[in-house]
Each structure stands twice: as structure tokens, then as C-alpha cells.
Amino acid sequence: MSTATLSQETKQIVKATVPILAEHGEAITKHFYKRMFSHHPELLNIFNQTHQKQGRQPQALANSIYAAAEHIDNLEAILPVVSRIAHKHRSLNIKPEQYPIVGENLLAAMREVLGDAASDDVLEAWREAYELIADVFIQVEKKMYEEASQAPGGWREFRSFVVEKKQRESATITSFYLKPEDGKALASYKPGQYITVKVTIPGHEHTHMRQYSLSDAPEKGYYRITVKREEGDGDLPPGIVSNYLHQHIHEGDVLEITAPAGDFTLQEEGERPIVFISGGVGITPLMSMFNTLMQRGVKREVIFIHAAINGFYHAMHDHLAQTASQQENVHYAVCYERPTPGDRMNPFMKKEGFIDESFLRSILHDREADFYFCGPVPFMKTIAQILKDWDVPEQQVHYEFFGPAGTLASS
């Protein structure tokens with residue numbers, strides 16, 4: 001943490017704004033992004049505009065600001081949040097000189113949205129608080145940049161990778177196997193981590209960057225990402241980058257990526273059973289963890305539970321089914337929302353509909369386990385609530401958000 005400190009008066013003013021942030025936080029952050037992109041359009045090359053339109057990015061930022069204000073007396077309490085965001089920043093190649101731009105526009109947004117409630121004293125207190133928090137991020141990210149670049153096979157910023165193989169996994173999911181274009185060493189990674197892919201799409205003014213989980217075990221001589229083609233739904237447009245990768249990136253093409261990042265990683269120590277619960281393309285980081293355990297010959301009980309619309313959309317089923325058939329310590333169960341007649345013949349399909357508490361209870365004979373889950377947010381909220389009701393200790397519960405971090409608290 002930074003050695004800088006805030007005066008007691010500044011802390012009191014910041015804490016006094018907590019109710020205001022609870023009420024107006026998203027309005028402030030939406031205005032902030034609009035203002036910042038207007039004054040600094042070059043930052044559109046970094047931020048995911050789909051998440052902006054969905055409101056997920058402003059909501060995530062509002063939650064972070066609220067948490068910082070609430071814990072201004074003890075910023076150590078939000079270090080896990082800082083670490084998670086810093087991993088994302090390092091992956092996106094965020095630079096220290098961009099923090100003052102964010103601070104300037106955030107304070108201006110507070111003033112313009114809150115009006116008289118944003119007095120000079122309030123804005124000055126938040127300026128001091130922001131500078132302290134920004135310094136924490138800059139120091140944490142500096143260390144992350146150094147670790148990524150100094151690791152064997154590591155690098156800083158972006159590196160060119162060739163698509164060695166492109167493999168269809170389901171109706172909407174495809175894997176890309178990537179190797180360094182320069183033929184040099186490839187950095188290892190922790191199972192569960194992700195990389196950022198940067199693409200320049202013809203006809204688009206700005207570059208696009210997206211994070212994709214590495215979906216295979218490390219030390220295989222390649223990185224594998226497994227990408228769902230986002231088709232769009234209602235007001236949500238089709239995914240710009242996912243459709244570009246599916247339709248226009250082929251074997252032999254080159255992608256620019258950053259070194260692996262992320263703190264959703266496999267904790268290999270211990271003897272408890274490991275339970276993986278995935279929904280849709282949320283299977284990808286869990287497959288990296290699962291394959292790592294299999295590669296290392298771990299004897300702990302491993303239970304893999306996956307939910308999909310049906311077999312048509314289910315990626316990597318054959319691999320999981322074969323492994324479960326061959327390994328006594330591996331158990332595999334599938335839940336299909338709308339199974340086909342063929343799906344009903346699948347011996348691993350155990351439920352039709354959605355994963356619920358009774359289904360998990362029927363599969364898991366021992367709740368004293370380490371749980372890892374990833375998938376759509378409503379799916380994750382369901383799993384989180386079940387584990388909370390079961391009194392599973394927090395240190396045994398691990399999950400990953402795709403996109404801006406949110407909250408799994410029941411609404």
C-alpha cells in the first residue's frame with residue numbers, strides 16, 4: 001500500500017459522501033465516461049464499448065468508488081478488489097499517465113452531476129482520496145508489469161502470436177491455438193488466468209481489446225483461447241470481436257496479445273474435493289484448471305458440473321466424458337436447459353432445466369470442498385447463494401466474472 005496518508009478531516013468528508021454515492025454513483029460514472037471519451041477519444045481504443053452501452057462498466061466503477069469511500073479508513077480491506085482490477089489494467093496496458101486523466105474527469109463529473117452537493121471541500125477531499133488510491137494502483141501495477149516482463153518467456157505490452165490451429169467446439173464456440181510469431185519461449189501461467197487480444201477491424205475507427213480465458217493447461221507450448229460467438233439478443237448487438245475472430249481469423253493469421261493475467265487461479269494445495277461448476281462459455285477457465293489437475297495426476301476427487309442450452313451448444317463435452325470414464329476420482333454431470341432427443345441418451349446428462357440446490361445436493365455427497373464457478377451472472381448468483389446457504393467458508397469459494405466485476409449479492 002502507499003505510504004501517503006489522508007487527514008482525518010478528509011476521511012470524514014469522503015465517508016460523508018457514501019449515501020450520495022449510493023444514490024447517484026451510476027449517474028456520476030455514466031457521465032464520467034461520456035465526458036472522458038469526449039475529451040480523450042484515444043481512450044476508446046482501450047475500453048469495451050459494449051460494456052459501456054450495457055451499463056456494466058459504469059456500474060462496476062460506481063461499486064469500486066463506493067467501496068473505496070466506505071473503507072477510506074482502512075484501504076487494506078479492498079486490496080483483493082485492487083488486485084483484481086490491477087490485473088485487468090496490466091492486461092490492458094494501462095499506463096500511469098492515464099490516471100490523472102481519469103481523476104480530472106471523475107471530479108468534473110461529480111461536480112456536474114451533484115451540483116451544489118459537490119462543494120469545494122467535497123471535491124478537494126475526493127481529489128486527495130483519488131490521488132492516494134491511484135498511487136496504490138500504480139504501484140501494484142508496476143510490480144505486475146515487472147513480473148510479467150521478467151518471467152521466463154515473458155514480455156511487456158503486446159506480442160504477436162500466430163494462430164496455429166482453429167477448432168470448432170460447439171455451434172457457437174471455437175478454440176484458437178496460439179504460438180509466438182518470433183518462435184521464442186512462451187511464458188507459463190496459472191490455470192484460470194486470461195490474456196487480452198487486440199484487433200484492428202476494417203471499417204472501425206478504434207482498436208478493440210477483449211480478455212479471453214486460457215482454456216488449457218500450461219506448459220504445452222501454446223496458448224489456447226476458446227471464444228463464444230456472441231450472436232446478440234434483443235437490444236444487445238452481436239459481439240464485435242467474437243464475430244470477427246470466428247469469421248475472419250484463420251490458421252496462419254496473427255493476433256496481438258498481452259501476457260497472462262488474473263487472480264482467479266487454481267489453489268492446488270489441500271486434500272478436499274474440487275468442484276467445478278460452469279455455465280456456457282464459463283467452462284473455459286475451469287477447463288484450464290481441470291486439465292492441469294489431470295496432467296499432474298492429482299488424486300483428489302474432482303467433480304465437474306456443466307450447464308448448457310443443449311448438446312449443440314456444449315463445448316468440450318467429449319473430453320470431459322472420456323476423462324470421467326477413465327479416471328475413478330473424476331465425476332461429471334451435465335444439466336441441459338432444453339435437451340434434444342439425442343441429449344436424453346447422454347449418460348452424463350443428469351438434469352433438464354437449470355442447476356438448483358436440489359440438483360447440486362444430489363451430485364455432491366460432500367459439501368466440504370473447494371468450489372470454482374464461472375458463467376452468466378444470473379447463473380453465478382444462483383450458485384453463490386446456494387453455497388452461502390450451505391455455509392461454505394469464503395476461502396473455499398472462487399469465481400470469475402467475464403467483463404467488469406460485479407456483485408453476486410442477491411438483489
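Every residue, even glycine, has its Cβ placed from backbone N, Cα and C.
According to Swiss-Prot:
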- 5-142: domain 'Globin' (DOMAIN)
- Tyr33: site 'Involved in heme-bound ligand stabilization and O-O bond activation' (SITE)
- Lys88: site 'Influences the redox potential of the prosthetic heme and FAD groups' (SITE)
- His89: heme b binding site (BINDING)
- Tyr99: active site, charge relay system (ACT_SITE)
- Glu141: active site, charge relay system (ACT_SITE)
- 153-411: region 'Reductase' (REGION)
- 156-267: domain 'FAD-binding FR-type' (DOMAIN)
- Tyr194, Arg210, Gln211, Tyr212, Ser213, Phe401, Phe402, Gly403, Pro404: FAD binding site (BINDING)
- Gly280, Val281, Gly282, Ile283, Thr284, Pro285: NADP(+) binding site (BINDING)
- Glu400: site 'Influences the redox potential of the prosthetic heme and FAD groups' (SITE)
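On the structure: features taken from Swiss-Prot.
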| residue | record | contacts (Cβ under 8 Å, 6+ apart) |
| --- | --- | --- |
| Lys88 | site 'Influences the redox potential of the prosthetic heme and FAD groups' | Gln211, Ala261 |
| His89 | heme b binding site | Phe137, Glu141 |
| Tyr99 | active site, charge relay system | Ala134, Phe137, Ile138 |
| Tyr194 | FAD binding site | Ser91, Gln211, Tyr212, Ser213, Leu214, Pro260, Ala261, Gly262, Pro285 |
| Gly280 | NADP(+) binding site | Lys228, Ala307, Ala308, Ile309, Tyr313, Gly375, Pro376, Phe379 |
| Gly282 | NADP(+) binding site | Phe373, Cys374, Gly375, Pro376, Phe379, Met380, Glu400, Phe402 |
| Ile283 | NADP(+) binding site | Ser215, Thr226, His306, Ala315, Met316, Cys374 |
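Sitting within 8 Å of the Cβ centre of Gly280, Val281, Gly282, Ile283, Thr284, Pro285, and not among those site residues for NADP(+), are the Cβ atoms of Ser213, Ser215, Thr226, Lys228, Ser278, Gly279, Leu286, Met287, Ala315, Cys374, Gly375, Phe402. The domain 'FAD-binding FR-type' (156-267) scores a mean pLDDT of 95 in the predicted structure. Counting only the Cα atoms, the space from Thr284 (NADP(+) binding site) to Tyr33 (site 'Involved in heme-bound ligand stabilization and O-O bond activation') is about 30 angstrom. Across the fold, the C-alpha of Tyr33 (site 'Involved in heme-bound ligand stabilization and O-O bond activation') and the C-alpha of Val281 (NADP(+) binding site) stand 29 Å from each other. Every protein chain considered, the tally of other Cβ atoms within 10 Å of the Cβ of Pro285 (NADP(+) binding site) stands at 30. Cβ neighbour count for Ser213 (FAD binding site) (all protein chains, 10 Å cutoff from its Cβ): 27. Mapped onto DSSP helix, strand and coil, the domain 'Globin' (5-142) counts 119 helix, 0 strand, 19 coil.
Its own atom aside, the Cβ of Glu400 (site 'Influences the redox potential of the prosthetic heme and FAD groups') has 23 Cβ atoms within 10 angstroms in the protein chains shown.
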